[in-house]
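Engineer: Supplied in structure tokens, the structure appears directly below.
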């Protein structure tokens, strides 16, 4: 699979961690692990777990006697002077033999001298000057400068500037403190703790997590620690707001976010008095990304009950004609590669059924609940609904701004949303186990597939939100509380809503909330928006939180002609309305595109009569697939690191065909409209041999090049695709963030075949053909900040590659 050398140093850590009190790892802990195995809690496969166990054996045998530090998190480099990296992957030989790998590897790297890095930076500066954003920033702006840390959202800062100017112009009296604004106040500016997913992996590397039971206990203790830390930070902020005569409305239990009303004239005083405040923004209401409407040429009746049901009548209840439905979606995105072996019914943290979350916003005030008693959300015909025990799902009401999210048993009928039910059905509806037979007498396998979502056996969590950024933040906090209370809670949450900002820099409050999911080990999947046809060609049309740097953003395929009788639903073209990334900065923003136009969707009346189109309906397809892919990943021998949202991000980017228009494919970089391209699902253990795939993480320091040596590719290999992704929190603070490049190099000549060198994006992609000696080269052109996981002037990078026969 790789030429990276396996490590041969011990990975024992005698220090304490968020999971366990300080204690030495000794024979007693090993015996405890054996006892857990006897209780059915066998060790799971993970690079950090496997490495710890192997090195412990070397210590026991006297081969090693000095406990090393945990790779990546306590030591970036190995004792042999190479760069640590985690890796989960497999290779399939030409004969069809499969080899799995879950380990820590060593990678060669080199530090560029000052002159060479100066050349890199000069090339970066020249590329930056070609962007419209450069002209907007002015000639005095330099990417090399640190820049001021943004602590106030730009839209709020504009109001503060106007308020200050009115005072200076005498339009306001000195005692005028202005009107009160509803604010989101983010704490944690001085927090240096690792993201949740990396705290877990560090504990694995210390030998504190070897089984699923250990993992659940460890996560619970991490949440205890975060809860205690959050309580202190929140208390300080609340005290400051009270002192300034503001009103606290809501605060997080596990995320240091406070919602409050405060007069505009007191905001700067609050910031000055509380250096731990990271960011303040107005609490903005996000809207349903309104489904696009048909054009005149393909006008359709908006009354679904008047649409001809054709031969699809049953029991006097009209059913939607089968035109563009679940069968077409599966064909477009290759989901049938997973069925029936995987459908969401696998284990997750040792419990049955992979959880999936859907957060919804209202059209009016509170109508953002799903019809949780739709027959398609039953586990089987007449069986329990997947929102409740024993299937492990939950319903949340997050409408009340002063109470946050509360678990509820059901939603009032008046609060049920057509849009929410459409979205949930696309992601996880199920008609494959006779759920619809009580309503319809004659249903066949085609009808069942047409009305089944992507992950039909997932347990379901739904968040009824108010649409405000604070309500989505409360949904995150509720999910973390669920982790503490129940353990089987979603890592994947869909949000088919958004709002449009003045720019697409991802420095608004909604983007900050979206990134908070990532920092807490969750992946928010969001619709890109439906505004491309409504704005100028050189204007960013992406919506927030989809424009955030650590949110997986989904565009839409298809046109309304796909919904007409006698047409083929093939998903070949991008939807005319699907929003795109930022023209000024050339940030792609969009990550992937999925089919977004459907008939036969679930409706709030308990039927299947809804139709429509929009990125709102593309996003849950991706979310359902992320849960389905997690089911395969965790149930197979491939590994367990898909719990990390960055790994899921890279795995998704690898499964796109990089289409940038009809018969046009990208061989490097990402497109502002298509992102990586159309989602084309791959079961990694069913790739066409010879094949290989790997996913992992590593640290890269400023001015370095790190090589991932894949090795000689067989002539039968069509191409190898490689991607990297990283999240530098400086981006959401308006500062210049880490810039990394990726090259696919033929080692025999040491020359790049393709290169990906976006200046202001945080993902790169390259390709290389079969018959080459492939090396992936990650270059850190500029790393200005401190990464919580890797340290000063270093950046944690997620990487992945995939190749198979043509």
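Just so it is clear, glycine is given a Cβ too, placed from its N, Cα and C backbone atoms.
From a predicted model like this one, the values you see are computed outputs, not experimental measurements.
Below, the features straight out of TrEMBL:
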- 1-22: signal peptide (SIGNAL)
- 365-677: domain 'Peptidase S8/S53' (DOMAIN)
- 367: active site, charge relay system (ACT_SITE)
- 419: active site, charge relay system (ACT_SITE)
- 616: active site, charge relay system (ACT_SITE)
Engineer: Summarise the model's confidence over the domain 'Peptidase S8/S53' (365-677) as a mean pLDDT value.
Structural biologist: 91
Engineer: Including all protein chains shown, what's the count of other C-beta atoms within 10 A of the C-beta of residue 616 (active site, charge relay system)?
Structural biologist: 30
Engineer: Relative to the Cβ position of residue 367 (active site, charge relay system), how many further Cβ atoms are located within 10 Å?
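Structural biologist: Cβ-Cβ neighbours of residue 367 (active site, charge relay system) within 10 Å number 21.
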Engineer: Let me check the 10 A CB neighbour count of residue 419 (active site, charge relay system). How many other CB atoms are there?
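Structural biologist: If we count other Cβ atoms within 10 Å of residue 419 (active site, charge relay system), we arrive at 27.
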Engineer: Reported as an integer number of Å, what is the Cα distance between residue 419 (active site, charge relay system) and residue 616 (active site, charge relay system)?
Structural biologist: 9
